[in-house]
Amino acid sequence: MAVTAFNTLKLVSSSLDPIPSVSCSSYSFSLIYVGSPYKRCLKQSCSVRAMTSSSSAASSSSSSFGSRMEESIRKTVTENTVVIYSKTWCSYCTEVKTLFKRLGVQPLVVELDQLGPQGPQLQKVLERLTGQHTVPNVFVCGKHIGGCTDTVKLNRKGDLELMLAEANGKNGQS
């Protein structure tokens, strides 16, 4: 197992053979963190932009596969200061990861292309939650800030560092 400069989130499945539909309730999964030294975002009231489900099948059963994925995403982005949903081969993802490294921030990176069949499913749920179908999909303190272009713009304006400083200040108060 190669060690990278970024922590990754691994998805472990139980009894997932073919890729099921997102709303199938007979499948389950669990998220396992691998070395997560991040400060937790104390702002529990942070909301992720467009966090509504457009799928009536997924919202009709709270125990459905898609609903559990949505819940896991929400939990992940609110419990970690910076989360990047990425793909290892994507140059835009690399640019965003490098930007946070330059800022002295070690984000939680979820490499969707290394999650097997759950990667595309997770990306579909992210699209439903955020309206964004591309990677990187970046969250700061539970708030969806967008992709590479959005993140770079926030950094150029100085807003990204302000968001990170605010998050660190709140984490330091505990």
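Glycine is treated like the rest: Cβ placed from N, Cα and C.
Here's what Swiss-Prot has on this protein:
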- Thr52: N-acetylthreonine (MOD_RES)
- Cys90-Cys93: disulfide bond (DISULFID)
- Cys90: S-glutathionyl cysteine (MOD_RES)
- Val135, Cys148, Thr149: glutathione binding site (BINDING)
- Cys148: S-glutathionyl cysteine (MOD_RES)
Extra residues within 8 Å (Cβ to Cβ centroid of Val135, Cys148, Thr149), glutathione:
Tyr92, Cys93, Glu95, Val96, Thr134, Pro136, Val138, Gly146, Gly147, Asp150, Thr151
Alpha-carbon distance [Cys148 (glutathione binding site); Cys93 (disulfide bond)] in Å:
7
Packing count at Cys93 (disulfide bond) (other Cβ atoms within 10 Å of its Cβ):
25
Where Cys90 (disulfide bond) sits in the secondary structure, as DSSP reduces it to three classes:
coil
Taking the Cβ of Val135 (glutathione binding site) as the centre, count every other Cβ atom within 10 Å, in any protein chain shown.
22
Only counting partners 6 or more residues apart, tell me which same-chain residues put their Cβ under 8 Å from the Cβ of Cys90 (disulfide bond).
Val135, Pro136
Reduce the DSSP letter at Cys148 (glutathione binding site) to three states and note it down.
helix
For Thr149 (glutathione binding site), the number of other Cβ atoms found within 10 Å of its own Cβ:
11
